[in-house]
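Q: Shown below is the structure under consideration.
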Amino acid sequence: MSIFPRISLKPEVTEYLKSVFLNKEVLTAVGHQEAEHRFHKLLSCLSHPPSYTCVRASTHLAPLEEIRQQLAEELRKQLMCSSSAEEVSVQILPHPRIADVLILPVEGPRPVKQLGSEVVVGAQCGGAVLRGAHVFAPGILGSPKYMKAGDLVSVFSDLEGKCTRGATSFQGKKVFVGNGVAEMDRSTIFCTDEPARGIGIRMVEPLYRSPSFDGVLPSLAFLQNLPSVVVGHVLGPRPGERILDMCAAPGGKTCHIAALMGDQGEVVALDRIRNKIDRIRQNAQMLHLQSVKAHCFNSTLSVSSDPAQETEGPPFPPESFDRVLLDAPCSGLGQRPNMGSTWSLKEICSYQPLQRKLFHAAVRLLKKGGVLVYSTCTVTLAENEEQVAWALDTFPCLSLVPQEPHIGAEGMPGAGLPPEQLRLLQRFSPELSWEQTEITAPLPCRADSDTIGFFIAKFLKN
Ligand SMILES: C[S@@+](CC[C@H](N)C(=O)[O-])C[C@H]1O[C@@H](n2cnc3c(N)ncnc32)[C@H](O)[C@@H]1O
């Protein structure tokens, strides 16, 4: 069901996206009416959360069924605490094709009544609430003047980034995401020298209800979007190999790769932002993975000019790795739910050159016969199919190879790639099934299509 307005973007960004989704090749393939219909569905589904939560199970530590049962028990206890019912059941299903994935339905949108007291949060925080999170204090922009801990409030997400911090009321574009109880007074949130931390509003009646995984089986259950889990399987790491994850923080895919290798071999994780490296290490430690080696480094500079250099950390000699993952920094326009972005067209279009620099390093660091996987969580052609066309042109040693599993759609026409190459690409396109999702198809059927927007290409270096 569509309950929010479509994603709020700058007009120039909406026009740009429209030109992408209604490009000449798409119009020839599906016709103007269908292309326009898909584009409008895209804008609408981006502002809504997927209808299930995806958990990657640590099958390197325990069998899937055992993890499923433990998780059901933990979540059942959690629900018993927050519900008056004597018996509550939790539905957790194994993904029909991916051996380490569990899926849990999200309940919503639920009929929740708005209250008189309003708290306004940023769009990113509002999106997290729609995926089951409580409101953390730094996400709060405005609250009633005399809000006290214990007050019941309605939470709204600021769509256009116009609410000023500390506001006592806000008349701009906002969307209701549920009701909660304040855990702090207004003065603790806004009137202190130190920024407030921790839960500011505990959501008791969220518009979309999904279990909270905060502290639940941390070493066995890792929250991850389905396409991100697919990336690890598509890369296909084997025990004993040396793998490079070039843009790794917070390390979800790094840890998955290490788990798929049974923690045998080496997974080198690079990220340019120093404090994000700690997150990679914490995640690896939490999941009991020793083979992850994380370094703070700009991956565009990760190829050593000295081919004989032998160090544990970057830069590395050319042809050092069996497989390389380039999960590139991108415009992120596939993220769901995303009710509003204030980015300019310039910002949206700024990633292509950086992705190409990273790609150059990736190809040089890969051994001959090795596998390179390129992925993004965005929907533009410029960062996806156009990058593939450019890469095939620039590096004659690269060829596209089939992906396993391939549960998403194929690549989008528009970058001049022939149909046989588009078929080798995997594009998760939630807009293609957005109506189908509304017709309450059984969860395992909609799991593969009701995802974030995502793109995966797999290359072999010949
Ligand atoms: C899409 S996120 C990676 C998500 C990660 N692969 C995961 O699954 O958890 C992109 C990351 O690239 C990092 N990044 C951006 N430019 C970089 C560069 N030149 N070198 C290394 N990392 C970079 C960002 O800090 C960000 O953490």
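Note that Cβ sites are derived from N, Cα and C of the backbone, with glycine treated the same way.
Any TrEMBL annotation is an automated prediction that lacks curation.
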Q: Based on TrEMBL, name the residue from D271, D306 that is recorded for the same S-adenosyl-L-methionine site as C247, A248, A249, P250, G251, G252, K253, D327.
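A: It is D271, as the record lists it for that site.
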Q: Which whole-number value in Å describes the distance between the Cα atoms of D327 (S-adenosyl-L-methionine binding site) and C377 (active site, nucleophile)?
A: 9
Q: I'd like the Cβ neighbour count for D327 (S-adenosyl-L-methionine binding site), meaning other Cβ atoms within 10 Å of its Cβ, all protein chains included.
A: 21
Q: Would you kindly give the Cα-Cα distance separating C377 (active site, nucleophile) and G251 (S-adenosyl-L-methionine binding site), rounded to the nearest Å?
A: 15
Q: Specify the secondary structure state of K253 (S-adenosyl-L-methionine binding site) as given by DSSP, simplified to three classes.
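A: Looking at the DSSP assignment, K253 (S-adenosyl-L-methionine binding site) belongs to a helix.
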Q: Beyond the listed site residues C247, A248, A249, P250, G251, G252, K253, D271, D327, identify every same-chain residue whose Cβ lies within 8 Å of the center of their Cβ atoms for the S-adenosyl-L-methionine site.
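A: Other same-chain residues near the S-adenosyl-L-methionine site: D245, T254, A269, K276, I280.
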Q: Just to verify a number: CA distance, C247 (S-adenosyl-L-methionine binding site) to C377 (active site, nucleophile), in angstrom, no decimals.
A: 13
Q: Take the C-alpha atoms of A249 (S-adenosyl-L-methionine binding site) and C377 (active site, nucleophile) and report the distance between them in angstrom, rounded.
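A: Between the alpha carbons of A249 (S-adenosyl-L-methionine binding site) and C377 (active site, nucleophile) there are 14 Å.
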